[in-house]
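Engineer: TrEMBL lists these features:
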BINDING   HIS140, HIS311, HIS315  Zn(2+) binding site
COMPBIAS  7-35  compositional bias 'Low complexity'
REGION    1-44  region 'Disordered'
TRANSMEM  87-106  transmembrane segment
TRANSMEM  118-142  transmembrane segment
TRANSMEM  154-175  transmembrane segment
TRANSMEM  207-228  transmembrane segment
TRANSMEM  240-259  transmembrane segment
TRANSMEM  349-368  transmembrane segment
Amino acid sequence: MPRRLQPRGAGTKGPPAPAPAASGAARHSHSAASGDPSASTKPLLRWDEVPDDFVECFILSGYRRLPCTAQECLASVLKPTNETLNFWTHFIPLLLFLSKFCRLFFLSGGDVPFHHPWLLPLWCYASGVLLTFAMSCTAHVFSCLSLRLRAAFFYLDYASISYYGFGSTVAYYYYLLPGLSLLDARVMTPYVQQRLGWHVDCTCLIAAYRALVLPVAFVLAVACTVACCKSRTDWCTYPFALRTFVFVMPLSMACPIMLESWLFDLRGENPTLFVHFYRRYFWLVVAAFFNVSKIPERIQPGLFDIIGHSHQLFHIFTFLSIYDQVYYVEEGLRQFLQAPPAAPTFSGTVGYMLLLVVCLGLVIRKFLNSSEFCSKK
């Protein structure tokens, strides 16, 4: 296996491509810049015909020519490249979720209008889901415009995932957590006294958790984006493992639901939440496995370049995980509307999301001003 096709943990990028291939790539770029019509019909390239920064681990062929125009990038979604199914495995879910949220907001036929404060957490969550899939599609389609734009699009992709993670926490905070016995001091105080023999009033602990959960999730979202952007530089030996780990961190905000299932009869009290919550995390574990292991292309490089490589499988299983999440968030909304506590505030929902957008924008700007770019998705 050529060293350029190994993960960065397996060694350095290796020597540059042989001179004929490099000169061929240069002539190819020159013909594209000069408007040569034959350039647009040139076959797809192999790994040794593109710059090192565009080579993906264990993917030998199916690379688009560099640089492409925006029109050529859009046309490539209908051609068999190694990015085509990366696009479609998130574009189709984007359309499905767009349809789902349109029905929830505008066509549900309920008594709550789409602009009611009770739906503000759902707007935050829906914007995160849709933005994540939209940015993923954009990054995969336009990643061959230039090295700088490639880095910019994937920085935005990482930021959108952090934005989605925080939006999920906002939805949990308002729709799911209030219904948990774990966060009800009237239930937990006698439970702790009976089970552990501790004479502790849980009121202050639960109040502290409720006060800190959104600020902590906010900080985690920014920190995860910083870590993922830094993973595109050469200092990071295992970028895929690092990104998988940091994106798991915001999921820890759902720990109360897991603890609820261990300490109380969540399966009996809320079977919808129990089933879809654990099935979601099963899909996430499977997605993480493919993202880190680079299976199956690691086993047979070249065989899965167009169809079936790990990033496509990663997309499919992340879609399934979010599908399950949408299902139990919708169920949580339904229960919330039956007996709503205090209405969510604009500053505690949309205000947080807007502030996060500003912070993530500053992070991306800082990394784009750096000259260190690396291509690994």
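Glycine is treated like the rest: Cβ placed from N, Cα and C.
Automatic, uncurated: that is what TrEMBL annotation is.
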Engineer: If we call contact 3 or more Cβ pairs under 8 Å (sequence gap 6 or more), are the transmembrane segment (207-228) and the transmembrane segment (349-368) touching?
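Structural biologist: Output yes: the transmembrane segment (207-228) sits against the transmembrane segment (349-368).
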Engineer: Among the binding-site residues HIS140, HIS311, HIS315, point out the residue whose Cβ has the most other Cβ atoms within 10 Å, with all shown protein chains included in the count.
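Structural biologist: When each Cβ's neighbours within 10 Å are tallied, HIS140 tops the list.
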Engineer: Output the single range from 118-142, 154-175, 240-259 maximising the number of Cβ pairs under 8 Å to the transmembrane segment (349-368).
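Structural biologist: That would be 154-175.
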